[in-house]
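Q: Annotated active site, tele-phosphohistidine intermediate per TrEMBL: HIS762, in sequence order. Residues or ranges marked as domain 'ATP-citrate synthase ATP-grasp' by TrEMBL: 2-246. The feature domain 'ATP-citrate synthase citrate-binding' is assigned by TrEMBL to 258-434. Annotation source TrEMBL lists domain 'CoA-binding' at 497-602. The domain 'ATP-citrate synthase/succinyl-CoA ligase C-terminal' annotation in TrEMBL covers 662-787.
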Amino acid sequence: MSAKAIREAAGKQLLSNFLPAFTTSAAADGASQVYLQNRVVSITKTTDLATLGEAHPWLLTTPLVVKPDQLIKRRGKLGLIKVNTDLAGAVQWITERRNKSFNIGAVEGTLDTFIIEPFVPHEASDEYYICILSERDGDEILFHHEGGVDIGDVDAKAVRLMVNVKEIGAQSVTPQLIREQLLQKVPAARQEFLANFIHSLYKLYVALFFTYLEINPLVVVGTQVHVLDLAAKLDQTAEFECKPYWAEKIEFPPPFGREASAEERYIAELDQKSGSSLKLTILNRKGRIWTMVAGGGASVVYSDTICDLGGAAELANYGEYSGAPSESQTYEYAKTILKCMTDERDERGKVLIIGGGIANFTNVADTFKGIVRALKEFQKLIVEHGISIYVRRGGPNYQEGLRIMRDLGETLGVPIHVYGPETHMTAIVGMALGLFESPEAAEASKQKAIQPSVTETLFADGKTHRATFTGSGRPVLHKHDDLPAIDPTFKPLFSTSTRSIIFGMQPRAVQGMLDFDHVCRRERPSVAAMVYPFSGDHTQKYYWGSKEILVPCYQRLSDAIKAHADADVVINFASFRSAYATTLEALQFHKQIRTIAIIAEGIPENRTRDLIFKGREVGVTVIGPATVGGIKPGCFRIGNTGGMLDNIMTSKLYRAGSVAYVSRSGGMSNELNNIISRTTNGVYEGVAIGGDRYPGTTFIDHLFRYQADPEVKMLVLLGEVGGTEEYDICDAIKSGKLTKPLVAWCIGTCASMFTSEVQFGHAGACANADNETAVAKNKALRDAGAIVPSSFDSLDTAIRATYDQLKQAGIIVPKPEPPVPSVPIDFAWAKELGLIRKPANFVSTISDERGEELLYAGMPISKAFQDDIGVAGVLSLLWFKRLLPDYACKFIEMCLMVTADHGPAVSGAHNTIVTARAGKDLVSSLCSGLLTIGDRFGGALDEAAQQFSEAYDAGLTPAQFVAKLRSENKLIMGVGHKVKSVTNPDMRVTIIRDFCKKTFPTTPLLNFALEVEKLTTAKKPNLILNVDGCIAVCMVDLFRHSGAFTNEEAREYLSIGTLNGLFVLGRTIGFVGHFLDQKRLKQGLYRHDWSDISTLDPTKFPASE
């Protein structure tokens, strides 16, 4: 939901902070002095009441008003307000009520938040009423010259000023206009400054993205305006635009009686951190029926059906997961529900419904993996609580997902009933409630009486026939002759030649559209070009069937539109932050662009209304925002509509049928594709207008298109709770403008059975008035003449019965089925489905970033930080595929430290410095230094380990080892130093040696090397065991005696360069340091001094001499 209520204190604080900035300069006494800024103190459940006077001294000297601040209406009528009291009286009043239960009708809640503010003495004649509210076509300002608790029916009494979208933000709304339209019954002396106040208030309303603001009463004392009681809603989606005003995080509290539980707060936190949607509302912890539903629309449908079939009192929760949540997210979501579900026992057992429509792009198997993890974890409790599980799902890879669930049922020890898209979406509800025994029984049960309704049916004879839908499941037709003629100028929105421009890098959606084009046997691809602002103009490779084609990608939308004059559709995948700007740009090309689909969810409502107005002004059809798009079988598909190719084929969307539908929900539009394909000759066109409060086009816009299209014989509408667009359809049916048979159902009927307000999955799915409820709208549609079933569970039956009657009447003549087109499948998807296998070109066993988080040798990166394994621990995982003991990791870390650098004079550092001074980059300079590492510089570790190990293993004494190498004219690697000696020892060697002697289990090779050192230093004091040799022999001792490696592994690691890797890694630290040092010092090009070079003439000093 985008329009969310805020606390009264928050609303008054916004007015106090920012209303002066929006004041009108024409105010008689200066508008800043007209409005008396509110002083408010918020009291929470933990506020220390004893220190209020110290923290807010004005409370000690001012008469006060105290009341709850928890979105409670008519507090005065409920006795929840204390006026004209002092601080002691206010504290006592709060103390008597704070953290206490209170009933408002059927709703029970806890009073835990209060507001204290100054009491304003005034007369009844000083009270006024004002309300500003946002609607689709603009903002409406309501004013009444009498305010207060006894105002009565304000809708009937108030005078109104409508500010249409075009005028919002313009200069047309003036204090003078407000005075003339609203204030005629206000005393003349007050009209001017009150008009200025309302004018300023409205400007603030627009700038801060309010969607509702009611002040009752608004009190005028003298020339000052006081805001006494305030109720307000803000557009939560505008938070990114309102940072200058919403400097502090605005709290959006739940309705009274719906305080969020710990589980609800946890899921809300997950939702905020995720790009997916995760929602949970616990309705009745003792309820037997729990749901875990995928999709915003589907979640409402399941709740509806449970209530419609008599399970309202047992429904425990409402919630949804959608938008391709990860395995870990669905695991956490499922685990939270299972925890709540197993908190309390019910002797009758419990039911878990894991349902959903047919997904467009979510991999069903992947999301089920998280649910399966949770079910396995709770296996014992599930059995103890007698929980039965019912599963129904469709979409990408659903077969594998259902198989996983079936396999789980065989091992879990509880019944799991699993169904796919061949079963009506809500059939499992009847089974779970014990009403039906099987899908076949459910199908039979749905033939029960459906409430009669009336519709208009078009016969082939060109006349209209009234159809009464009876309990027999078939319309009874009655002829009359008042059908309006079909518009001969009608032009379909999409055709086989429709071409589009895709804004945003959406390779999956583009390939999906091209695959759809191919199976529909289009001659040309429907994607003319793509636009991606973050790269230059280029081409992208895609498949057209089994062939590869290039699709141009432009940096600017204007270039793409100009280059492709045949493209008349823009599909806008821009984010909610930039979708408004990109859509405005597309509207500039309205002479070419006829349709714009906005996919993003969360665009601020003011921006959406502006797009709607501008689109209508220039004759562009806007679909969305918050939509998957639409589809015209055999012709054109918007983005991911219709799901994966297997669903396109199953629902026969590659060829046109006779039924056109319109819905809000993208997920439910896919379900309608499935239902219509199974009960009729198929879909002719379907559009999901989007779940936001103000969709670009409404139901009636598309139904009128279908009415005018002679190929459409039957209409289907899936509306929902919230908004009033369905009443336009009622009017169209009654007036005869809409005459084709319409099967309609509005989801959200369960809302009237909840004791407190529940926000459903879509932003617009919330009733703000009685006529916005699904029950009221279904009744209105039925009364108008639409075919309205008794529940969604009977929707397929109503569609089938209506279609059958139209077919029998000859209105619909099914065409022969065309050959089923061949469906090319992507290699990656086929591999994921397990249809093919291919030998890998690379094999890697040390890391994996394909899952929920990066793995090092099987260890999640989060655990690496949690266990604080450090850099050496990461090295041990990536180099040795195991976590070594702490002492071993410490040894590796010490090796990196002592080998990090040895001054600028050594060859590697020297090369790095020279290269850096030549102006080369970091990588080039680093490579220059690393390439010097070898037998003579730093690369002696491997050979030193080899020499000492072979001698020790052969049983040679240190003296025999030294003599052997001397006889072979070989140097002892790892022995000798240019600077250090016995009398000037290398502290690096001392540190390493002492640590290993102290912490290693045993050090036989180190001991052997130290004995060799005694012999070599006896001949020459600088023939000491150097750092390379010390590290080498200690590493061999580690490999052989730590218990972490087998003898074979120890030999292999010595032979493949592992020890030199330590030196390379350590010395890289120093080389990078030298590079940065030279760049900081801004050293110029290096040139070697001639005095340090001996230049010899080879003719004067021949080599033979």
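Just so you know, glycine gets a Cβ as well, placed from its N, Cα and C.
Please treat TrEMBL annotations as automatic predictions, because they have not gone through curation.
Could you place the listed features in the three-dimensional structure?
A: For the domain 'ATP-citrate synthase citrate-binding' (258-434), the model's pLDDT averages out at 91.
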Q: Give the one range among 2-246, 497-602, 662-787 whose Cβ atoms make the most pairs under 8 Å with those of the domain 'ATP-citrate synthase citrate-binding' (258-434).
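A: Going through each listed stretch, the top one turns out to be 662-787.
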Q: For the domain 'ATP-citrate synthase/succinyl-CoA ligase C-terminal' (662-787), what are the DSSP-based totals of helix, strand and coil residues?
A: 54 helix, 22 strand, 50 coil
Q: Summarise the domain 'CoA-binding' (497-602) by DSSP state, stating how many residues are helix, strand and coil.
A: 29 helix, 32 strand, 45 coil
